[in-house]
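**Q** Here it is, the structure in full.
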């Protein structure tokens, strides 16, 4: 096949991140300079985000059997890149005090993982699916354990390595069964084969169903859905804040995109079984995640269980696609994921800012007790954190409310009555632990002898604080005036009249 400039433009995001990876790798080999490599990484992510605008204008988007750069994938590419950019900015301060000479490789691993995320968002082939899954997971083994001097980080890395290996084996075995049943690895070919009823053998239908089921189990591990969630709180607690952010945003978003695309391949006769499966997992994830978050005293563990619940909420949209192929499902999932990504960036950004100012290593910087009375020393930071937490809770006048409103309307319109009510009740439970965090900020302050005095008396503008301010403003603005967001989603997913 003749490769044209149009095809190169379609591949620009992944080519830019790939070239940035090579440049950073060669630069590290020549001379170690953390500021230079941070700047190169941020520039690469920013350029890749800008290049998505060029991809948007192209029409021949499905030019290879391996990948499919279409309207569906563009949103997820943007979210993966924004998450990678935010993680790069937040990591810089932490790497400045990192007690080792291997600081620069952090960005190398982050870039490679982002390539895997883009591949997952654009995959149209089971081989590329597995390649993207491994590319996004393998660098995370090192990134999660980057704080090797911290026992929690080592424990988190080991747990993630073991369970990620298990999930990859499920996905690979599922791919093998689907290939054995259909003889194809391309999503397009598999879809045509199944929809035209060319497979007449009950054995082949059974094998393809089991294969997809095993792949969904693997995706459940990656998405930390109940009952595949056991690694999540420990990994979020042990990993650096910037990597916890990356895990809860980019890693999950890429897997959600490939899950939706894969489920859309299979015809309607497969949907009933998987709807029941996803309904059970969604209910358990929403309820269990919120209940377990109530008794946590570590803010990272609270957000870990919160992410389990939020992933359960997203499954409303996935089920709506499977059950009735609702025309608003993709738009609803997109709006909810945008709100979730922005609020997660803000939450972990503030955690990163607060933890940086502790002078003693024996201080549990992620304890909720640390945030007690924060308003009386850092009122600006506390107000921003309040806005972000309210958005996570889905309180009106925030972007989180718009996302949940769309989800619940979609559930009702898809006639998922009891499921939507159950999810709404689970969401009410979450208000308890979110308000607990907010109230903690405004209580009487504690003795903060072990905190950098600059933190208690000044507000200096730094890149991580700029990100938190931008995110908080976006949450408020789009919560009060969501028309720009809805217009953006209509550009990606034109409404069906």
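Just so you know, glycine gets a Cβ as well, placed from its N, Cα and C.
Grabbed the feature section from Swiss-Prot, which reads as follows:
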type: TRANSMEM; residues: 35-55; note: transmembrane segment
type: TRANSMEM; residues: 72-92; note: transmembrane segment
type: TRANSMEM; residues: 105-125; note: transmembrane segment
type: TRANSMEM; residues: 126-146; note: transmembrane segment
type: TRANSMEM; residues: 170-190; note: transmembrane segment
type: TRANSMEM; residues: 210-230; note: transmembrane segment
type: TRANSMEM; residues: 246-266; note: transmembrane segment
type: TRANSMEM; residues: 302-322; note: transmembrane segment
type: TRANSMEM; residues: 333-353; note: transmembrane segment
type: TRANSMEM; residues: 383-403; note: transmembrane segment
type: TRANSMEM; residues: 426-446; note: transmembrane segment
type: TRANSMEM; residues: 466-486; note: transmembrane segment
**Q** Sort out the residues at least 6 away from either end of the transmembrane segment (333-353), same chain, that have Cβ-Cβ distances under 8 Å to it, and list them.
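**A** Counting only partners 6 or more residues beyond its ends, the transmembrane segment (333-353) has Cβ contacts under 8 Å with 75, 79, 82-83, 86, 90, 93-94, 241-242, 244-245, 248-249, 253, 256, 260, 299-300, 303, 307, 310, 313-314, 317-318, 366, 381, 384-385, 387-389, 391-392, 399-400, 402-404, 406-407, 462, 464-465, 467-468, 471-472, 474-475, 478, 485-486, 489, 492-493.
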**Q** Are there residues at least six beyond either end of the transmembrane segment (302-322) with Cβ under 8 Å to its Cβ atoms? List them, or say none.
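**A** Those are 223-226, 229, 232-233, 235-237, 244, 248, 252, 256, 259-260, 263-264, 271, 274-275, 278-279, 281-290, 292-293, 296, 328-330, 332-333, 336-337, 340, 344, 347-348, 368, 392, 404, 407-408, 410-411, 414, 416, 419-420, 423, 426-427, 430, 433, 437, in sequence order.
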**Q** Would you confirm whether the transmembrane segment (246-266) and the transmembrane segment (466-486) meet the contact rule of 3 or more C-beta pairs below 8 angstroms, pairs 6 or more apart in sequence?
**A** no
**Q** So if I exclude everything within five residues of the ends of the transmembrane segment (72-92), which remaining residues of that chain have a CB under 8 angstroms from its CBs? That is, six or more out.
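**A** Same-chain residues near the transmembrane segment (72-92) but 6 or more away: 13, 17, 34-35, 38, 41-42, 45-46, 48-49, 52, 55-56, 106-107, 110-111, 113-114, 117-118, 121-122, 240-243, 245-246, 249-250, 253-254, 256-257, 260-261, 330, 334, 337-338, 341, 345, 348-349, 352, 463-464, 467, 492-493.
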**Q** Should anything in the same chain at least six residues away from the transmembrane segment (35-55) have a Cβ under 8 Å from its Cβ atoms, list it; otherwise answer none.
**A** 9-10, 12-13, 16-17, 19-21, 23-24, 27-28, 61, 69, 74, 77-78, 81-82, 84-85, 88-89, 91-92, 95, 104, 107, 110-111, 114
